[in-house]
């Protein structure tokens, strides 16, 4: 997580430095007339994939069968949706531009279905279960992700489409509008959201570590057996019931052997 966070921050810093000190490609959208800073979208697209994957990564262990596949699918969809920011300036006409917009929105919308599915999953979990707290943290992080990417989509529409529709307001066509939007999303997505991802992952892993090393004796034995987490109350009760059952069977076997020994002794005396 820390390595991925450093990659995100370094890419953002490198992009900002290049845009500040070197000539970078800037295109004019043929449909909306807005300026498109290509280097910024070259940064947004892969980092959208990586940050979505980090968001889903905390909950992979709770669903080992399909969790990894769902995480990569959702991350690829978000990355592909963001990639259309690079394609819009090359659209030859209004119809192709609208088609690209519809494709981008279609790739973006599955994140809401993922949010609804995760909410239903958390509601159906046992609040006393070992993985409940981790799932709640991942759900909250997913909510923040949905808010951030929705802001990205709404901001893009406001900065690029709205000025073209409201031609009576020339101030909206200021070339600085798109730059302000890009910089604002860079701060929100790369600084605030990325810091939240790291903090949530730290909380989950530190919680697992504290649970695993909270006690000695029985807890150490559980860790030695590869449990990694403190057993729940139900597991302790089941373990105690099995121990009592083995004890009863052992006592019954000893009584049977004692009766057999008494019978043999009585037969020998006769």
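Here the Cβ of each residue, glycine as well, is placed from N, Cα and C on the backbone.
According to TrEMBL:
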SIGNAL    1-33  signal peptide
TRANSMEM  71-90  transmembrane segment
TRANSMEM  96-116  transmembrane segment
TRANSMEM  137-166  transmembrane segment
TRANSMEM  178-198  transmembrane segment
REGION    215-270  region 'Disordered'
COMPBIAS  234-243  compositional bias 'Basic and acidic residues'
COMPBIAS  251-270  compositional bias 'Basic and acidic residues'
Inset, instruction - Could you put numbers on the helix, strand and coil content of the compositional bias 'Basic and acidic residues' (251-270), residue by residue per DSSP? - result: 19 helix, 0 strand, 1 coil
Inset, instruction - By DSSP assignment, list the helix, strand and coil residue numbers for the compositional bias 'Basic and acidic residues' (234-243), in that order. - result: 10 helix, 0 strand, 0 coil
